[in-house]
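First up is the structure itself, then whatever we jot down about it.
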């Protein structure tokens, strides 16, 4: 061995011999030390998510627009800015915790108001106001100690100061000869202070006094004209002095403006035009972060609207209503994904920088100033919005890393086609099953990629490439899991794959029946009536009886009454079959009082005419009880009514003895000046002495509200929309096999796959003529079966 040290070997043995838990702690600490800047970023973002104030807003913006964009690492100036800013924020928050401030006297009333100025600024009085700031300060000091231990603290500052000095000197020049003009700017000394001007002009005045003192005799004999002239000269000097002061102030302001503008401009210039860049591609991770945010918006959209908004998007869409807040958030999120794809395809770092700046300021302004007003609650109380913002911060970090490293020079194919295994195969096929996603991606790629192919030719190449990739995955799986010749398929494969397909097809065929049967019997909700009303009309005249039962008059059957009710129909098969679908809680007994709740108001002529009609037994006389019923008062009362999920209630003929309805008696009661009708049911189950009506209501179970929109289609609707549509795709899969044999049964697809990748490669390198030639070769290959056979033979 080149180097040997007993102490190091003993230390290594001692370390390896430690318990696994302790080794895990060592590993976590080393990870923490290696990524201490990420810990600082996380704590700063977490502090802002919980505080959600203007004080904590500054550092997250600086992270995404300064720290994460710095090459190769954030400078000492940033970390010192973060440390000093955190300390100042702690002092400010502590100062405003005293109770003599007016806004601290009604904290309980204003603590939940999102637009209360102290809440927006972050100076409100609350418990634990400084806990996360102290954790943030501790993380910053921890990172500073790590940098000092590795010698990256002071050395980084020296390098930054030297480079900043050179950059400032270069940027102050205005034309090609920047060094000369820079020197001239330094000779002018725009930073001259007012004191230097005060010193300069008294020297001139002293010289003038000395010159005048040497010729006192001449000055004593000057005329009044010369005296007036000297006064005018003094005023001229004063004007020159004031003018120089104004010019110096203007120059000082310009210089200070340049001191701020030039480093920022030079920072972004170096970012867009780096001397070298470690090209990387994190677009997939950015796309996944945007997709997660998209899912959060869809399933937690109520957090981005008013408190009165629906709990989920399905209940709103089932009512054919598209909430405005959901629509705006989805369109903005989808629009940013499209713009990000366009920038990725064009490989423009400048556009990505501009998009990053706009998105960082826009998202923070929306989430912390607009959204609290829309939701009428603070951002710190909106968990879904906090989760969405955290994922968006991950996206900002990935975007900053992409900007710092630069876009890749070549974008070849889909990221899911980088390897040929089952995972990539199923993910790629799932990607292609998403409606319009494949088409949208193909059109966007064609728009923002330099090519000579037409849109139809481009889509043709994409489809061939996708088809060949799928075949390549299957061929690779056949090589990994070979099937010997002459050996029958194993039962595990047959029953696993075939049995699953059989079960799936059976479930699809019988899904509507199973769904409609189980949704109400298993997951159904009892829908008891809230009001039962009876109205009886004789011959189309004024109603003679109106009564309703509510609350206490609607009673459920106890177990004994329910069992007695079932025993009464023991010999009736039709009635027992009907009662099989109802439980005890589905039956309600309505007790309606026999006396009408309204007086009988009828004109005397109509009254006499109705009496004549009743006395004529040979003529027909109609009777209406909530629905049209003819003939006399015998066998007219239904007694048992079924209340289905819709609004139409029907009598239950299976429970009526011999399918005959119950009899009721009708009598007219007269008072001195008033009269009303009294009805009484004969053969009531509850033998009550007073006149009354008794009604049993059987309530069908209804589907849960979350599945009501699906159950509303009914059995035929589900068959038409589910079974027939899915059956169409299944039939195409089984019936279209013979037409695609020459394109499916390809033993070796490596050459065709290489031809597709060559088309992508020459397109990225700008060889557009060669792209046309290779595309023509690909089309000829698919038009020539014999050539296809030669190209797809197994390699020998």
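Using the three backbone atoms N, Cα and C, a Cβ is placed for every residue, glycine included.
Values in this document were obtained by computation on a predicted structure and should not be read as measured data.
Within the set 307-329, 330-352, 353-375, the record from TrEMBL flags 353-375 under the feature transmembrane segment. Residues 455-474 are the range that TrEMBL records as transmembrane segment, among 455-474, 475-494, 535-554, 555-574. Annotated by TrEMBL as transmembrane segment, the relevant range among 50-71, 116-137 is 50-71. Range annotated as transmembrane segment by TrEMBL, chosen from 659-682, 683-706, 707-730: 707-730.
Residue counts for the domain 'Piezo transmembrane helical unit' (34-154) under DSSP (helix as H, G, I; strand as E, B; rest coil) come to 83 helix, 0 strand, 38 coil.
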